[in-house]
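First comes the structure, then the notes that go with it.
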Amino acid sequence: MSLTSILLLSTNQKECELLTKAFTNKGLIVHCIDSPADADVMQKVDNALANHADRVSLIILDLDGPQGYRMSLLTAIKQHPYSHRVPLLAFSQNNDSFFVGHIYQMGVTSVFKRPVDWEQFAQSVTSYWGYPGIRLPDEAGHSEKRTQPTGSKVNRMNYYPRSQSE
């Protein structure tokens with residue numbers, strides 16, 4: 001399965017619009033959920049994940065919001081029957097090593113510092129996840145994804161590499 005569709009979760013409507021434009025300019029389908037912490041967010045996530053016509057192949061989560069809500073949303077996504085194997089990228093302003101470590105333990109594929117240039121972020125994501133050698137989970141749910149490369153940068157975007165102790 002190749003990178004065709006992204007589920008983007010953010011509480012910032014403007015960022016959703018900017019990222020949606022950046023990714024659709026690259027030919028991707030974007031499901032952007034920009035709802036604040038409310039009860040219907042998981043229903044919207046269910047709708048985006050269950051659509052077989054444009055099944056989500058990558059999830060991007062904004063972790064800068066109500067902390068308890070974001071952690072419960074992350075947990076729900078990782079336990080969801082359609083998304084628990086889908087690569088999940090997260091971004092945050094929080095650079096605390098305990099926070100970042102905890103996010104990785106919860107199953108996030110990669111944690112980025114909050115981008116300031118959304119076009120550059122979209123370019124970095126599509127360059128890596130759109131690379132022909134990258135294997136994404138297929139529709140049967142078999143995980144064939146590749147982990148992120150070692151180092152401190154991927155296409156000039158800072159990310160936090162996984163702990164070597166894992």
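Each residue, glycine too, has its Cβ placed from N, Cα and C.
Annotations in TrEMBL come from automatic prediction, not curation.
What TrEMBL records for 5-129 is domain 'Response regulatory'. What TrEMBL lists as 4-aspartylphosphate is ASP62. Summarising the annotation, TrEMBL assigns region 'Disordered' to 139-166. According to TrEMBL, the feature compositional bias 'Polar residues' maps to 148-166.
Across the domain 'Response regulatory' (5-129), DSSP helix (H, G, I), strand (E, B) and coil residues number 59 helix, 24 strand, 42 coil. Computed over the domain 'Response regulatory' (5-129), the whole-number mean pLDDT of the model equals 84.
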